[in-house]
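Working notes, beginning with the structure itself.
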Amino acid sequence: MRIAVIGAGKWGSALHLALKENHNCFISSLHQRDLEDFVSIKEALECEYLIFALSSQGMRVWLKENFINKGQKILIASKGIEDQSCQFLDEIFLDFVPKENFCVLSGPSFAAEVMQKLPTALMISGINQELCKKFASFFPDFIKTYIDNDVRGAEICGAYKNVLAIASGISDGLKLGNNARAALISRGLIEMHRFGKFFGTKEETFLGLSGAGDLFLTATSVLSRNYRVGLKLAQNQKLDSILAELNEVAEGVKTAYAIEKLAKMKGIYTPIVNEVVAIFKGKSVQEATQNLLKQND
């Protein structure tokens, strides 16, 4: 049995390091990397189990350019919504593999802490529960895995919390205090759940590891690149320069636009996301924050 992680960024590297403890695990990306166990894309695609840790915005292009055997088993470890199509990652993968052959990984997990082998709990969601259990068995003892079948709920939580982390970073960057941040995060959880209900998700998903757990982590720590984007926006830095300086993908930026578009199409009330997008488009962080503080729900 061989496993390949597709994507050699921080998260992909952390997953590879964890999985190689007990299994024959390789890592691959579009560009050659000087990494232990690095293999070409062609070699990676010969593995039975694939774990995708690519940018959500680049996922479709990668899948179109590289042939995946429909019998291969896939774990989607990326978190985001495609901006152009407003499609969730499972919808993108359905164009290439049957839904019984993939699962979604979610939950509170900073790559740096996984690489340090610190205790971590993750959720694996899929309609094929046996496949979920199989992927769960790959992880070492310091990573506790749970399984469920709410794929869409896990995806919405993983994507939405990145946008809320930007909002939280803005609040902290403006030095509005712990009370304001707590209010923002709790209202953000309600907003995220309201959005998810439209897609038939389970309420417990939003209260568990995938939702509240990942949100509380991502929206309160400088280890979160999305939170750091918010901090810098509060300092009146331009988004383009922030992203260039970050030199990493902050999934919450593109995801915010996708959620805003989806919410408008479906008639879902998403005030926090709307204000974050307005800031991206030039609205002052002070005005946007004041608007949020005045909201009644």
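All positions are counted from 1 along the displayed chain.
Positions of Cβ are set from backbone N, Cα and C atoms, glycine also.
Sequence-distant contacts of Lys161 (active site, proton acceptor), defined as residues of its own chain at least six apart whose C-beta falls under 8 angstroms from its C-beta, comprise Lys79, Gly188, Met192, Gly211, Asp214, Leu215, Thr218, Ala219. Swiss-Prot lists Lys161 with the feature active site, proton acceptor.
According to Swiss-Prot, the feature NADPH binding site maps to Trp11, Arg33, Lys79, Ala111, Arg225, Val249, Glu251. Taking a C-beta cut-off of under 8 Å and a sequence gap of six or more, Arg225 (NADPH binding site) has these contacts in its own chain: Leu246, Glu248, Val249, Ala250.
Under the heading sn-glycerol 3-phosphate binding site, Swiss-Prot lists Lys79, Gly107, Ser109, Lys161, Asp214, Ser224, Arg225, Asn226. Listed in sequence order, Asn162, Val163, Ala165, Ile166, Gly169, Thr218, Ala250, Glu251, Gly252, Val253 are the same-chain residues at least 6 apart in sequence whose CB falls under 8 Å from the CB of Asn226 (sn-glycerol 3-phosphate binding site).
For Trp11 (NADPH binding site), the number of other Cβ atoms no farther than 10 Å from its own Cβ, over all displayed protein chains, is 22. Site extent for sn-glycerol 3-phosphate: the farthest pair of Cα atoms among Lys79, Gly107, Ser109, Lys161, Asp214, Ser224, Arg225, Asn226 sits 16 Å apart. Taking a C-beta cut-off of under 8 angstroms and a sequence separation of 6 or more, Ser109 (sn-glycerol 3-phosphate binding site) has the following same-chain neighbours: Thr120, Leu122, Asp214, Leu217. Neighbour list (Ala111 (NADPH binding site), Cβ cut-off 8 Å, at least 6 residues apart, same chain): Lys10, Trp11, Ser13, Ala14.
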